[in-house]
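Written below as structure tokens is the structure these notes are about.
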Amino acid sequence: MAEFPASLLILNGKSTDNLPLREAIMLLREEGMTIHVRITWEKGDAARFVEEARKLGVATVIAGGGDGTINEVSTALIQCEGDDIPALGILPLGTANDFATSVGIPEALDKALKLAIAGNAIAIDMAQVNKQTCFINMATGGFGTRITTETPEKLKAALGGVSYIIHGLMRMDTLQPDRCEIRGENFHWQGDALVIGIGNGRQAGGGQQLCPNALINDGLLQLRIFTGDEIIPTLVSTLKSDEDNPNIIEGASSWFDIQAPHEITFNLDGEPLSGQNFHIEILPAALRCRLPPDCPLLR
């Protein structure tokens, strides 16, 4: 068997009792692969483990968890300086796994682990909000953000991505649109937004394709706004094709500025960020990620 450089797996603490994962790691170790494992307990652990990974000289840091774990690890990687920065590997173990699903990471743990270690490392973009917080997949605002933020953990654990839809249906009568103004390159819109999606990736909220044209290595962010005054009529209208849908506004830009007269909340790969002013910009070729050769999000 070919020799591969060492890897370090940063595993979300919720997945420590995953027996199939333990077995998959043991099998690869028996085949001669060096895989270090570190468990996250609190915010900031991922950044510390990335520092350790660099000292160990590993070629890949694998994010084992959901979109939030991938976000933490990728953010820590793009903050590294110097040469020989490890590539990002992805092991989908979260509730929705939106980014992993959209880029074509296998669901089978053994296949995903092998891809994370031996896959081709490709330069991909990330996005940054207000020069501080980053996201690798998507920033969502409005209805979708409130649903993903408020969905109970027990419901997510039991039903996965479907839980977001169920909780959303339960809350429809209480949700109102957000008034805001959005600017970008050759783009300007203002009005009432029920859902805002700004994507480096394509899907969020357990498989909802909010930005179906997004690519992760084109230097652009994709914007999609669902407009309207009432939730149910707007959701019904989304069943139409995009060309016939007056409730969908789309744009593409390397940056977007968002202003609101009141505080609104964006969900950045699962982490909420509230405010009235947001500057979101793309960071081209910010890190290398091990992806399948047929990844649909590459140009």
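Including glycine, each Cβ sits where the backbone N, Cα and C put it.
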Record-annotated ATP site (Swiss-Prot): member among THR40, THR60 besides GLY66, ASP67, GLY68, THR69, ILE70, ASN71, GLU72, THR95: THR40
Densest Cβ neighbourhood among ASP67, ASP218, GLU271 (recorded positions), 10 Å radius: ASP67
Close binding-site residues near GLU271 (active site, proton acceptor), where close means Cα within 10 Å, chosen from THR40, ASN71, THR95, LEU215: ASN71
Coarse DSSP state, helix versus strand versus coil, of ASP218 (Mg(2+) binding site): coil
C-beta crowding around THR69 (ATP binding site), within 10 angstroms: 27
DSSP-assigned states of the domain 'DAGKc' (2-133) in counts, ordered helix, strand, coil: 55 helix, 35 strand, 42 coil
Mean predicted confidence [pLDDT] for the domain 'DAGKc' (2-133): 95
